[in-house]
Amino acid sequence: MYYPLSSSLMFFILFSLFYHLPCESSKCESLFQCGNITASFPFWGGDRHKHCGHPLLELRCDQNKSTSLFISDQEFFVLHVDQTSYSLTLARPDLLHSFCSLTFTNTTLPPEIFELSPAYKSVTFYHCYPVLPDLSNYTCPVIGPISVSGNPEDHETCFPNFAANVPTSFVTKEKKLNIANLESVLEKGFEVNMNVIMKACQACSYSNESCGFDENFPFEVKCKPHHSPTDTSLSIGAKAGIAVASVSGLAILLLAGLFLCIRRRRKTQDAQYTSKSLPITSYSSRDTSRNPTSTTISSSSNHSLLPSISNLANRSDYCGVQVFSYEELEEATENFSRELGDGGFGTVYYGVLKDGRAVAVKRLYERSLKRVEQFKNEIEILKSLKHPNLVILYGCTSRHSRELLLVYEYISNGTLAEHLHGNRAEARPLCWSTRLNIAIETASALSFLHIKGIIHRDIKTTNILLDDNYQVKVADFGLSRLFPMDQTHISTAPQGTPGYVDPEYYQCYQLNEKSDVYSFGVVLTELISSKEAVDITRHRHDINLANMAVSKIQNNALHELVDSSLGYDNDPEVRRKMMAVAELAFRCLQQERDVRPAMDEIVEILRGIKDDEKKRVLVKSPDVVDIECGGGDDVGLLRNSVPPPISPETDKWTSSSDTAASL
């Protein structure tokens, strides 16, 4: 039957389409303003949309009207912006106060965006033993003597600690630094020049357009038209072209709206007919008798509420999992009233199927293309994986469902995060042996994924579930990627959770297995410290747990990092094992991904730590400074002794828990 499109509906469609067009383009005409800082291209932030500037150059304004820029995993205060010379003055917040109180880190900026002004120079701070008289020296109360050089030389007794930028005039003719004024100089910041393509931006201004960037990688400058309804500078030909284009666009939109309206009505009728005529039967390529409540989906229908996932319903070889109706999952979850928490791209609810199985049902936040792709991605990855430490996917809803839902086994004991620093931590804290088992099982699951060519990309303690026996179930594969075996990396925009993202992936947009290794290093640090990966209530140098851990280990202060309630202070055996795990975490958290261990090696190291009852555990690391954590029983960090890695079997697995997870 033909249904004419009502005039009110057509007006709404056209209005909604055209109403927002001038708003988006006009946002690029807005300036970022904060205190005494005013900026335009290539920056964005505030009233300027992200597409109006370089994706990495977001300016932020705090309550004190101070402007900041977060780039290369470091925060910088923006003291001055010169749009004429395309330069700006930056200062590190951690250098604005007492020099000796900071956690030493290098000043790093992406060279494709910034270059240090010729008026400034990078100087290196050293630890020298003994102190060399030909270098400027400065003594910090806790750290001890620090030597500074504007022109570093090869001193066998000196080890570089970190680098910072100072004016060239600060370096004397004798190539030494006037260290007495070091703090005041660092507070004034340093100047950098922008390397982004400014000529392309000038070309935009010639055509009365605004500068912006596309969302592809590598980023390219794009000219975006201004919105100016009163602009009379257009030629008659240009105006005629615009008029013709507008009329053509209007005609296309009218036809498209008419087509969509008719199609939606037909789909609604087809869906109603299908739901009434289909019998209740089993649908599972693995077990045809396990759940009598599932629904057989008709493969003869050619219509789809979501065409991008239409083959989920009529291709059992695509899903390989059971297909549930929306109504039975709505009933199982008591109308989605028993919320368990967030699950990456959806909310997770507790439910009980008619056959008695307890399940966790993930409900998509929204039906955007990105969410649908994550929905499909999780099914595609989990359907073919079997491992005792990976969560089991029972099934999903069909294309005729009102909403997209995923159905998993229910893991009753919460997340690892809840047990380490959440609402379960105080009631029954995890003992050290349990934490070590959790580390081994998580590493085993990741090693299995890497063997299968899969990068998880979002390993964190909230995605590590625990059953009643504290056996690990790694979950949430919405961001996971299949990794081609013949490639060294995948170029993709960084995704993941702050505090867990590999800094090299963040800076270079290159993803590989070692990105998971870095995230796992953060998890190891949480296991030994019971601290959150990111905690803004900590000292500003310790907000990021990974940075805090590396600093504490490098400065022989592991006792300030670990959870003393685990027996670190009074049990020598626990102390040695915790130090060995800390050493392994230190290797995983290295900035250079090439020096991080592979997951199969990590599994063997952790098993060696668990099985060692009397020997001191030593962990090797190539070309990393040898640091000892003080004390007679301390183990030297990162020495050259480690069991040789072996290739894990893909079809035989051992678990540190005696009992499998109960459903």
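Backbone N, Cα and C define each Cβ position, glycine as well.
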Quickly, which of ASN137, ASN413 does Swiss-Prot have down as N-linked glycosylation site? Just give the residue.
ASN137
Residue carrying N-linked glycosylation site as stated in Swiss-Prot, selected out of ASN106, ASN302:
ASN106
Among ASN208, ASN314, find the residue to which Swiss-Prot assigns the annotation N-linked glycosylation site.
ASN208
Residue with minimal Cβ packing [other Cβ atoms within 10 Å] among the glycosylation sites ASN36, ASN106:
ASN36
For the recorded positions ASN64, ASP458, work out the Cβ neighbour count at 10 Å and name the residue with the minimum.
ASN64
Which one is closest to ASN36 (N-linked glycosylation site) in space, judged by CA to CA distance, out of the recorded positions ASN64, ASN106, ASP458?
ASN64
